[in-house]
Amino acid sequence: MKENDVVLKSVTKIVVFILLTFGFYVFFAGHNNPGGGFIGGLIFSSAFILMFLAFDVNEVLKSLPIDFKKLMIIGSLISVATASVPMFFGKPFLYQTEANVTFPLLGHVHVTTVTLFELGILLTVVGVIVTVMLSISGGRS
């Protein structure tokens, strides 16, 4: 965008923070409530797209050290690995494993492999959506 739209840029900074925060919430609440990796990925993607609309695409891509094509591939590999590794241990495809772990700062945390699978979905969705939008807009993807 070549115009200096101060209001749009100022509001975008606030809204992007809100979108990313809400995306984290939806992602982490998703295995027990509606949400998860797909919806969280859509919310994250909308934050990136809003930044591309408010600021210059090349300027945003220079400031973000993210290659969205690699992000898409990494997310797909995480999801496939999380889904298929249990088969090597005689368990069915997409078998869920749970553990209760105590971290020094966080305390007692309930951890599942579903969260890792959903992380792969989130990264894949963000990578695909942003790459498609950059390809459509003619920006570097």
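Indices start at 1 and increase along the chain as displayed.
Using the three backbone atoms N, Cα and C, a Cβ is placed for every residue, glycine included.
Given the structure is predicted, the values throughout are model-derived calculations rather than measurements.
In Swiss-Prot this protein carries:
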type: TRANSMEM; residues: 10-30; note: transmembrane segment
type: TRANSMEM; residues: 35-55; note: transmembrane segment
type: TRANSMEM; residues: 70-90; note: transmembrane segment
type: TRANSMEM; residues: 116-136; note: transmembrane segment
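When Cβ-Cβ distances below 8 Å are used as the criterion, the transmembrane segment (70-90) is approached by residues 97, 113, 116-117, 119-128, 131 of the same chain, each at least six residues removed from its ends. If you look at the transmembrane segment (116-136), the same-chain residues 6 or more away from its ends with a CB under 8 A from one of its CBs are 27, 30-31, 36-38, 40-42, 44-45, 48-49, 52, 57, 68-83, 94.
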